[in-house]
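Record features, source TrEMBL:
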type     : residues : note
TRANSMEM : 12-30    : transmembrane segment
DOMAIN   : 20-297   : domain 'Sugar phosphate transporter'
TRANSMEM : 36-55    : transmembrane segment
TRANSMEM : 76-93    : transmembrane segment
TRANSMEM : 99-120   : transmembrane segment
TRANSMEM : 129-146  : transmembrane segment
TRANSMEM : 152-171  : transmembrane segment
TRANSMEM : 192-216  : transmembrane segment
TRANSMEM : 222-240  : transmembrane segment
TRANSMEM : 252-273  : transmembrane segment
TRANSMEM : 279-298  : transmembrane segment
Amino acid sequence: MDKDTTPPYLSLFAALSYGIASMAMVFINKAVVMEYAYSMTLLTLQQLATALLIHSGRVMGWTRAKALNVDTAKKLVLVSLFYNGNVAFALASLKGVNIPMYIAIKRLTPLAVLIAGLFYKKGKHSKQVILSVSLTAAGVMIAALGDFSFDLLGYTMALISVFFQTMYLVLVERSGAEDGLSSIEIMFYNSLLSLPFLVFLIIVTGEFPSSLSLLYAKSASVYFFVMFVLSLVMGIILNYTMFLCTIVNSALTTTIVGVLKGVGSTTLGFFLLGGVQVHFLNVSGLVINTLGGLWYSLAKYQEKMRRTAIPK
């Protein structure tokens, strides 16, 4: 579906769904990795569950996703590589970084996507978009100054995750537009292509088979079992809403939605799953960050209204 002809309600639904799913996923993953340190095994199981569900849905006729195509799979190898790099480093960073600061670091993604877009797009973004994204990033920096704890490894992994997230969002946007792939089809290819790479990693890193033994032992806990199942389910929902939002909107819009949902996540993160001390800089940074996100949303809305007003 062309971005310019996408119904406004679908664009809004895609953005809101991704924001809600993304916010929930941060807390669910944090709860799981606090008790289960094998993040690569968790990611592998999430991708396996996604691939099996979509395949079953296609066989049963619940989805119109096309059958596996080797040529298409080859085109999406990089998408899968960058996606898994993003999630793997993000999960690893959550072990040492509290939720508010994790979200603050991840909010640097819009600026990275904006810069990356200058290299692969012929057109340029408006001054309003550039300034609003810059304001959002400035808010991140100010909020980060209020962090009284510092985990070098955790921060480094989160920053690497930002790079990988930027690359796969840009590639997903191009794949959906150029190859006419739906969000479900991209998600299926991504999950399927991820499995060999992830299985190799959990074996090389030594997670397997200890990770499965610990998972079996931890499953006796009702709390952990529920959180783990939710992690698998939300992984599927998050992937779908993320790809949908990127295809019907844009990579930059998807990252800005992530920024806005991060405000609520950060606020809750001060009190849940290892809260942090409230500081003037935290609050000031979040306010600036939010204003930048709202400014961007207004600028993009005005751009879309101008495009749809032009006779085809």
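Backbone N, Cα and C atoms are what each Cβ position is placed from, and that goes for glycine too.
Automatic prediction, not curation, is the source of TrEMBL annotations.
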With contact taken as 3 or more Cβ pairs under 8 angstroms (pairs 6 or more apart in sequence), are the transmembrane segment (279-298) and the transmembrane segment (36-55) in contact? no
Hey, which of 36-55, 129-146, 152-171 has the most Cβ-Cβ pairs under 8 Å against the transmembrane segment (99-120)? 152-171
Note: vs the transmembrane segment (12-30), the recorded stretch with the largest number of Cβ pairs under 8 Å from 36-55, 129-146, 152-171, 222-240 is 222-240
Can you tell me which parts of the same chain pack against the transmembrane segment (222-240), counting only residues 6+ beyond its ends and a CB-CB cutoff under 8 A? 18, 21-22, 24-25, 28-29, 31-32, 35-36, 42, 45-47, 49-50, 53, 183-184, 187, 190-191, 215
Please give the average pLDDT for the domain 'Sugar phosphate transporter' (20-297) in this predicted model. 79
